[in-house]
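The structure appears right after this line, and notes come after that.
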Amino acid sequence: MVSNVILDIEGTICPISFVKDVLFPYFLRQLPALLDQYPYPLLEDPSDPIKTILRKFPQDKTATRDSLYTYIKTLVDNDVKDSVLKELQGLIWAKGYHEGTIKAPLYEDAIRAMYTWSTRKDKKVYIYSSGSVQAQKLLLQYVRSINEPETAPGKDLNELVSGYFDTTNAGPKIQATSYSKIAEKINSSPAKCLFLSDNPKEVAAALEAGMHSYIVVRPGNAPVESAPAAKISTFDQLEL
Ligand SMILES: CSCCC(=O)C(=O)COP(=O)(O)O
Ligand SMILES: [Mg+2]
């Protein structure tokens, strides 16, 4: 029996287009002004959280403002799941979410299932995304159903989630050991966990760790050629 449902975010509970067309462009618009406020090379300053993150990028990239900008932009343009980039993005997106500029459109079946599972005594919902834990919490704090207008009042779904995992606290999403670690952290055997993701490599890693897993197919996702597991197109197909 499945006791823990672990959800990927992009391409699973929300469209990839929200990340590519809303979140990434918002981040890139804020980036020049953010980098302009510092002298280079970046020196240590524990009192400044942004500078502290920027200094985690490779030292040769932080030598000048332009080399740092080019490096970060290249990571974003290539959708590199770099943990320092993800930490920085979480910090920048916070402004957009809190100001009301950004609201995350979630698939209606995903919202419904999260409510249903989290209110059952025998189920818990977790998140595992390449986005930082801070970015995950923000995204779930400002949610609208994908079928509602952008002006719809936001819902906060964080109370439905029992824990958040990213590449920093669990490890890379395409490695089986990350899923074993998550199971251990939530005091569960992998056999009692179900992982849902759009990425077949992530699904293969979860299966290797002994979890149940399905590939989630949503409009706009990359076509899945060789599938390591069955595909679902809505969470309504799951009988848990
Ligand atoms: C949750 S933060 C925004 C999405 C993001 O940056 C990302 O890399 C999502 O990757 P996922 O593992 O959820 O497919
Ligand atoms: Mg995904």
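Placement of Cβ uses the backbone N, Cα and C atoms for every residue, glycine included.
Listed in sequence order, the residues of the same chain lying 6 or more apart from GLU10 (Mg(2+) binding site) and placing their CB within less than 8 Å of its CB are ILE16, PHE18, VAL19, SER129, SER130, GLY131, ASP198. DSSP gives GLU10 (Mg(2+) binding site) a strand state. As annotated by TrEMBL, Mg(2+) binding site applies to ASP8, GLU10, ASP198.
Residues or ranges marked as substrate binding site by TrEMBL: SER129, SER130, LYS173. Taken residue by residue with DSSP, SER129 (substrate binding site) is part of neither helix nor strand, so it is coil. In the shown protein chains, 23 other C-beta atoms lie within 10 A of the C-beta of SER129 (substrate binding site).
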(message) As a check: which entries in SER129, SER130, LYS173, the binding-site residues, place their Cβ less than 6 Å from an atom of ligand 2?
(response) none
(message) Between LYS173 (substrate binding site) and ASP8 (Mg(2+) binding site), how many Å separate their Cα atoms?
(response) 10
